[in-house]
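Reading through the structure tokens given below for one structure.
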């Protein structure tokens, strides 16, 4: 038995200079797992709660000492002597100990850090890589794939201090034969984009996720500049590389309207969906995330009706990795894909349940980082171990993003042909 003999929590720093929770789980025999919870900027209102201290004299109120104390006291006491390989049991113990719908007693950041650390400790105990352990927990042992990266090379919205309303403009190197080749293509486009921006006299500073954050006249301008960079890098837009957007529309939804302040346009719900469709008619956009507010379910039905057969429509703030909300979406034919973020739901077991539910309903599942990240690369193993097929982990700079890409390179090297890179086939509506 992989007996837990100690659980340790500590406060560490995330990529935005804010505190977050790191946990260690120690087993008999010297096996140790360590993991850290990420943190979001544009967050869904129904996400599990990230417990912050609120003490303005420390880290401007963003300290996590209360969550850390919960790890070192209540959670530690509850898990001592338990089997680390029994992931579902461990997670349920913590969920029951918390006893709230959104984990606001112990904090989703506390529970998640321990949940992931336990999985890493269990993998070490079994002598297998984390992705292999996750595949076993998922009921799909040995079934792997390398994910298509959605590379966020131009940032706006809550991730950048500029006038661009849409939060993420991403490239997907779908024409690559391997993940390694896809990463190289993305890096070359990223560096070429820097040159294009520089030559136009535009800012080459980066946002939270490592993408460039220039001021632009319109959201369409962002797509035009990326198109220029893709072609200048020697690739063909539409076959070698496709585009994806994360609108994070909840962030500019005001009084029932979608207010694109950066370009001075205001849309009603259907009008904004029509606007997005017009962009997709001009450029090879194959995936749109959070194209409407999380509460605008009638609008989502219309958006799915007009674009859902050809474009992947991803629910992030809409579904918040929550099976109860996803069930409603599936029953009502809302969207056709879910974004998967560990900390929206707060445990590995619940995360795997959301991925499984999505796949069984014919939805795709896109594994994602948060804008506040650490060097923890667990999402790379999650993407491969569940054969999710797609990953969002930022741009090609900032080591908090690149850590995930580097872990994927290592995994591909280990697995070779056992983890195929399927390109466009992974994206809903493109197979």
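For all residues, glycine too, the Cβ spot is worked out from N, Cα and C.
Values in this document were obtained by computation on a predicted structure and should not be read as measured data.
Record check: Swiss-Prot places 341, 370, 371, 392 at the (2R)-2-phosphoglycerate site, and the matching candidate among 167, 282, 430 is 167.
From the candidate list 209, 289, 350, 360, the residue Swiss-Prot records in the Mg(2+) site shared with 246, 316 is 289.
The Cβ of residue 246 (Mg(2+) binding site) lies under 8 Å from the Cβ of 152, 166, 167, 168, 170, 288, 289, 290, 314, 316, 392, each on the same chain and at least six residues away in sequence.
A simple way to gauge crowding: the CB of residue 370 ((2R)-2-phosphoglycerate binding site) has 29 other CB atoms within 10 angstroms, across all the protein chains here.
The Mg(2+) site is defined by 246, 289, 316, and by the 8 Å test on Cβ atoms against their centroid, the other residues of the chain that qualify are 167, 168, 245, 247, 248, 288, 290, 314, 317, 339, 368, 392. Note on the binding-site residues 167, 371: the fewest other CB atoms within 10 A surround the CB of 371. Counting other C-beta atoms within 10 Å of each candidate's C-beta, the recorded positions 341, 392 are led by 392. Of all the recorded positions in the record (341, 370, 371), the one with the smallest CA separation from residue 209 (active site, proton donor) is 371.
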